[in-house]
Amino acid sequence: MDGAWWGQVDALGVLIYLSALILMLKRRPYLAGFVYMASMMTKLQNMIYGPVFFVLLWQLLGLPGLLRAIAGAMTAFVGLNAEFFLARKMNLVFESLTVNYDYFPFMSLNAYNLWWIVAKGDGMHTLDKFTMLGLTNAKTMGLLLFSSSYLFAVVIMVKDTLVKIVTSHAKVELDTTTLLYRYFTALVVVACAFFLFQTESHDRYAFPLAAYLPLWATFFLHTSLSVKDRSNILITRAFKIFSIFFLLFTLLYFYNLHNAFIDNYPQNGIPALVKLNQSSITVPVSYLQLFLFGVFIYAAMLHLPKVLLTIPVIAFGGLLLMNNLTLILHKPIPITAFFPIISQQGYGKRQTNMSVNSANGIGSWNPLSVQYAFYRRGIGTHSKSYHQFNINGQFSKFTTDYGIDTEAGVNGTATFEIYGDDKPLFISDKTGRFDLPRHVEVDVTGVKMLGLVTNDAGDGINDDHTDWLNPLLWP
């Protein structure tokens, strides 16, 4: 469906990636690295499989093989982008590699995952900047979950290899079959975490699992079954259980893909399934897909040390603690620690810790200042502006200085306004270009949405470079 029906190229990306793996197993590291890079340039999501790919290559072929593979990957990158190198426009390539970051800032892009559940089946219209816990918004929470899962995947692969390196006298012999079992386990963990735990995840991000799960099962069954049972593998209990598992995954994921497909092409879907595209079904399907991941982890850990399961838990807890340490210690929090739910202004783009003109590039970077009083922290904006932050009722007081930035022309005037849950908490008098910074403190006890507004004071927005200076939230 993803390829022949919809016309997506996920299958091609997976095919090229697995071709790189075959070249690795044939001990052709340079070509393996070259083809891996081709797979990434074909389908950018293959980037996330790079670390586990090169870890396996290092385990099989050692450091010399790893260096040759990296050389092959670099050769492919230069060759595939030679036109841009020669035209000195590589910035366009790097922009294309990063443009998707925050391009669709929503909980879930039709991926039936954790965030589809949080958004109650409306992930395509729910921003991922809402605060989930402390200072941590949904997007950051998803990144922490994915990072912790990735660490878990890598440790699955390298645990015994690291023991062998650190304790040189220890006899830790890993055959290729064991390494490949751990590699495919890690690969499935990464693919599932990318699809299930990150916000902004697309419906198609789980497509590689259609190839990776059967490959994992091959090595899982080889490890689980006796030599006698392997000769009659089709009638074994383990094979039947996996077949049911994979069939259920296929049906659920087909439903997921089909719903995403008809959202884009409503006339091209299966009529009987179109009627099933409703949150009362999609949310339970999201739970089921998370459950299947749990079943996979249970099965995979039958042949791995159970203590490894503590790694993602400790990593996630530690990262979450670090992200919220300032709040836990009851220290003031800069408002810039929160990403705005709404960000609108009459000119330029909101700037963090710089004036609004800094959006024009490095040559225009300016620190925040009002009448040459300089500030290290704050928001550079331009009237008419409205920036709303989800502070989630966690603070008692908001303090800030404010004024017209020094870089503004002589006609700059504005009013500064603060709103709590859409109720006015403060509205300033008219402020001009040559006025000194002013200060305000407001009670924000119980406030969930804090809004910062600047208006043009009734004389137009010309030169209205407005600054919120050292804006702090107090627990």
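Including glycine, each Cβ sits where the backbone N, Cα and C put it.
It should be emphasised that the depicted structure is a prediction, and the values quoted were computed from it without experimental measurement.
Per TrEMBL, the feature transmembrane segment maps to 6-25, 46-63, 69-87, 99-118, 138-158, 179-197, 209-227, 239-261, 281-300, 307-329. Per TrEMBL, domain 'Glycosyl hydrolase family 98 putative carbohydrate-binding module' is recorded for 329-475.
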| task | Between the transmembrane segment (281-300) and the stretches 69-87, 99-118, 307-329, work out which stretch tops the count of Cβ pairs under 8 Å. | result | 99-118
| said: Could you tell me the mean pLDDT the prediction assigns to the domain 'Glycosyl hydrolase family 98 putative carbohydrate-binding module' (329-475)? | reply: 95
| said: For the transmembrane segment (179-197), I need the partner stretch with the highest count of C-beta pairs below 8 angstroms, choosing only from 6-25, 46-63, 69-87, 209-227, 307-329. | reply: 209-227
| Can you find at least 3 Cβ pairs under 8 Å between the transmembrane segment (99-118) and the transmembrane segment (138-158), where each pair is 6 or more residues apart in sequence? | yes
| request: Report, as numbers and ranges, which residues of the same chain sit near the transmembrane segment (6-25): CB under 8 Å and 6 or more residues beyond its ends. | output: 31-33, 35-36, 38-39, 42-43, 45-46, 49, 53, 56-57, 60-61, 69, 176, 204, 207-208, 211, 257, 261
| Under DSSP, the domain 'Glycosyl hydrolase family 98 putative carbohydrate-binding module' (329-475) has how many residues in helix, strand and coil? | 11 helix, 70 strand, 66 coil
| the transmembrane segment (209-227) and the transmembrane segment (307-329): do they have three or more Cβ pairs under 8 Å, with pairs 6 or more apart in sequence? | no
| note | Same-chain residues at least 6 beyond the ends of the transmembrane segment (138-158) with a Cβ under 8 Å from one of its Cβ atoms are 51-52, 55-56, 59, 102, 105, 107, 114-115, 118, 128-130, 132, 179, 182-183, 185-187, 189-190, 192-194, 197-201, 304, 308-309, 311-313, 315-316, 319-320, 323, 339
